[in-house]
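Enquirer: Sharing a structure below in structure tokens format, with a few things to ask.
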Amino acid sequence: MARHLITSAIPYINGIKHLGNLVGSQLPADLFARYLRGRGHEVLFLCATDEHGTPAELAAAKAGKPVADYCAEMHDVQAKIADGFGLSFDHFGRSSSAQNRKLTQAFAGRLHDQGLIREVTEEQVYSVTDGRFLPDRYIEGTCPNCGFEDARGDQCDNCTKQLDPTDLINPRSTISGATDLEVRTTKHLYLEQSKLKGQLADWIDSKGDWPILTTSIAKKWLTDGDGLQDRGITRDLDWGIPVKDGDKDWPGMEGKVFYVWFDAPIEYIACAQEWVDAGKGSDWESWWRTDKGAADVRYTQFMGKDNVPFHTLSFPATIMGADDNWKLVDYIKSFNYLNYDGGQFSTSRGRGVFMDQALEILPADYWRWWLLSHAPESSDAEFTWDTFTQDVNKDLSDVLGNFVSRITKFCRSKFGDAVPTGGTEGPAEAALIEELTRRLKAYEGHMDAIEVRKAAAELRAIWVAGNEYLQATAPWTTFKTDPEQAACQVRMGLNLIRLYAILSAPFIPDAAKTMLAAVRSDDADWPTDIAAALHALPAGHAFDVPENLFRKITEAERDDWAERFAGVRT
RNA sequence: GGCGCGGUAGCUCAGUUGGUUAGAGCGAUCGACUCAUAAUCGAUAGGUCGGGAGUUCAAGUCUCCCCCACGCCA
């Protein structure tokens, strides 16, 4: 038994995520966690909401609520939806937790002690009306380059020229529209990542088994331009973790908070503390401190490609810089984007399917199966209603669901609601066992390597093998001349249901539960021997004929949904 | 403009360190079966492996140039 720490990139608090976000981190992380638990390993699977920063403040203001209340509410909303998708977090924490506040401040203090923090005085745009400094993207004005009137402070959307907020003509605040902007001097802390560049580069170079997407992005940031840049880790905001030097005040930093990207990854650690404080566990340090038991933990992170730089460089720089026995990540699984019907999912324009909507129209397993079997691993992938409907109907309803249906119903009609007795196994059964043994090994190999699509394809082939067996042995024909032999074939088929329940659980946990319940089994141990697993249900063991596992999606539904999710969200 | 990931059968994708007739699933066509959610199983599918040049006895698989899509950065 090994110990596995798994984290999914933590979703930002303002709003409900779409399916592209889901398949890029939380869902494959859950797949991996469920698989490892199924195989008997010790797993700590953590996720949280990322709650600090300007967007949360603005979203709260828009909702007319104090930001802390807004975050608390949205955390519950996201937790409920995550639960709806069967995301099996051991704890779903909050980056605004007391644990994270203390830990983030402690990290800053430690990094300061290690000589990796410097103070930088810089000029930023301040909005008198809003009473706050404005991040670049919250300033708009006329582009000095092309005359476009709604150019943002960081870039002109019309001519794509990169801008500095002070370049804009007639700048205004996008928060209030205020034009009484002025440039003020402010002081911030910078994490001197550049000092760790060599150490980070050596570390990345040692990870030859990481996805090329992960390492290529990391190396690019390490070497691009002047190389890895020092990074500001504080902001002039109200909503965030107050800047402190450990538990001491930080002179000159009064009223400032840590930048959200500094405290968010630290929440991975703090979340383990929250897990303990919530009474779910007893020793978070054995997962995170290499001097306290975490040396033998394998830590795997899941994230979309946009998060890779922070997880390959920024957060490791924090860990390495602290030089205090914190656990570094062992494997980073990153994903490309899932596109929606020829374009991108768009949160702002409500284009595509969002997590809450998805659960409103279909059970979680449908989404889990399709998204995972089409995970954007090697390149961007595409969601279309046509392929979604086709694939789900074929794989889940026809291949798996119908298999369960045909064998249980046939057995009931000929033998009754219990596993039948009699008959002897022959070449067909031996061939089935040989094939499943081979495929199980391949399935495990792909799951161990977190090759999500390949694992899904192998699982599907395992389902197909059951239909092939039934087709080849044809118990409905055998029954006419040799009922005993037909009983043996049916017995095999019923045992396959239990096997499929166990192997499929990481992908489609709800259906797996239904299948296991149908054969009235509570033995969900991962099979080590297929032959033995196919004899787990003895003759005489009662079972139930379940409702159809997966109803089919109709063409009318497909067309209706395609139209409903094409445009502006209501 | 620089960089990154891709561009393989109608669709979605596999293709180890270059080496026999380039693979799978879906769709399509034909056939088998009738237990089952008009489900299943089998067979067939002849794609200049984005384009061009090169290295090699041999390239989808290496080198160079170009084109296209997406993304990151300037």
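A Cβ is built for glycine as well, from the same backbone N, Cα and C atoms used for every other residue.
Where the annotation comes from TrEMBL, it is an automatic prediction and has not been curated.
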Enquirer: Which residue range, A:11-21, A:209-219, A:231-241, A:407-417, is the one TrEMBL calls motif ''HIGH' region'?
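Expert: It is A:11-21 that TrEMBL describes as motif ''HIGH' region'.
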Enquirer: Report the same-chain neighbours of A:Thr347 (ATP binding site): residues 6+ apart in sequence with Cβ closer than 8 Å to its Cβ, ordered by sequence.
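Expert: Non-local contacts for A:Thr347 (ATP binding site): A:Gly15, A:His18.
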Enquirer: What is the number of other Cβ atoms found within 10 Å of the Cβ of A:Cys143 (Zn(2+) binding site)?
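Expert: A:Cys143 (Zn(2+) binding site) is surrounded by 22 other Cβ atoms within 10 Å.
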Enquirer: Residues sitting near the motif ''HIGH' region' (A:11-21): Cβ under 8 Å, six or more positions beyond its termini, same chain?
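Expert: Sequence-distant neighbours of the motif ''HIGH' region' (A:11-21): 47, 49-51, 53, 55-56, 59, 70-71, 74-75, 77-78, 81, 304, 337-340, 344-345, 347, 352-356, 358, 367, 371, 383.
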Enquirer: Are there residues at least six beyond either end of the motif ''KMSKS' region' (A:344-348) with Cβ under 8 Å to its Cβ atoms? List them, or say none.
Expert: 15, 18-21, 337-338
